[in-house]
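Asker: Quick one: the structure is below, questions incoming.
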Amino acid sequence: MTNILSPEKSENDQELPIRPSYLQEFVGQQQIKENLSVFIKAAKSRNEHLDHTLFYGPPGLGKTTLAKIISNEIGGNFKSTSGPAILKVADLAAILTNLEKNDVLFIDEIHRLNTAVEEVLYPAMEDFELDIIIGEGSAARSVKITLPKFTLIGATTRLGLLSNPLRDRFGIPMRLNFYNTGELKKVLNRASKLLDIDLTDSGSEEIAKRSRGTPRIALRLLRRIRDFAAVDGKSRVDKEISDFGLNRLEVDRIGLDSNDYRYLKFIADNYNGGPVGIETIAAALSEQRDALEETIEPYLIQIGLLQRTPRGRVITIAAFEHLKMPVPNQSHHQFNIFNENE
């Protein structure tokens, strides 16, 4: 699922020039910043590596950025890979044996590591040892390699898919939450200075309100609104051009786009608001279940338009009101289903 409001990273996002390098530059996630600052200072004062850290939460909130910041703060090299990229034990062994003391190894989508790779990762995380089998059959032998003290940082949008043994080996688990409008305005104002964009306060407010609580989306929208302003002959990004551009991009006043409307209207039109199973929704919309669960549903739940119940997805009265559709009589009963099974 690719669209202007997708929180997934795009090759066109070009975040490097505006990506913060240190904790004091990072906007939002205040509790996480404060705790990380304490943990990093304590580790450095003891001349120890930082405990392995797990960032989880919706995409686009800064998990990769925070991992790079940690690397900068502790003075180690930053090595990055992803769960799907580590196909074999040999792939992991090659990465681990090239690490140096205090290096940060970042594994994105860590929930997608296969079981064989995970089992080799356990002693590497706990004892900083790599146990691998050399050879085959009767000639096979176990080789133990001592690894330097490194910090593994995992990132996932699907904490529930992470195995318990792997999750338990992270000493610092941290959940990243959606940003509020004020925090997103700070993100936009910082970026506008670095990108030399004349962004007014009202323009920043308009973009922030329609960015789904996600910095990555806010920055992407800022670039596109800048394009509309330039072609329209405007030297600054104000509320008027922001509203015009966002409407052209089909982003409504609360940050919903055509994909969100398709999702909500399918449940409203065909199931009177639900409940309906996620597989049914995915098949009807010709989307992958993962794409719906990671890209569309988190924000709809966050703003109170959708509920996940034991019997399926249910859209709320607020969703019907936003769609300007009459609320079916049974809707009140549907919401009681959620409460009874919670």
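Each Cβ is built from the backbone N, Cα and C atoms, and glycine gets one as well.
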Asker: Determine which of TYR179, TYR261 appears in Swiss-Prot for the same ATP site as ILE18, ARG19, GLY60, LYS63, THR64, THR65, GLU126, ASP127, PHE128, ARG169, ARG216.
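Answerer: As annotated by Swiss-Prot, ILE18, ARG19, GLY60, LYS63, THR64, THR65, GLU126, ASP127, PHE128, ARG169, ARG216 share the ATP site with TYR179, chosen from TYR179, TYR261.
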Asker: List the Cα distance (Å, whole number) between PHE128 (ATP binding site) and ARG289 (DNA binding site).
Answerer: 37
Asker: How many Å lie between the Cα of ARG313 (DNA binding site) and the Cα of ILE18 (ATP binding site)?
Answerer: 38
Asker: How big is the gap, in Å, between the Cα of ILE18 (ATP binding site) and that of ARG308 (DNA binding site), rounded to a whole number?
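Answerer: That separation, Cα to Cα, works out to 36 Å.
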Asker: Taking 8 Å from the centroid of the Cβ atoms of ARG289, ARG308, ARG313 as the cut-off, which other residues in that chain fall inside it around the DNA site?
Answerer: GLY277, ILE278, ILE281, LEU292, GLU293, GLU297, GLY312
Asker: Hey, which of the binding-site residues PHE128, TYR179 is the loneliest by Cβ count within 10 Å?
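Answerer: Fewest other Cβ atoms within 10 Å, among the binding-site residues PHE128, TYR179, is found for PHE128.
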Asker: With ARG289 (DNA binding site) as the reference Cα, tell me which of the binding-site residues GLY60, THR64, GLU126, TYR179 is the closest one.
Answerer: GLY60
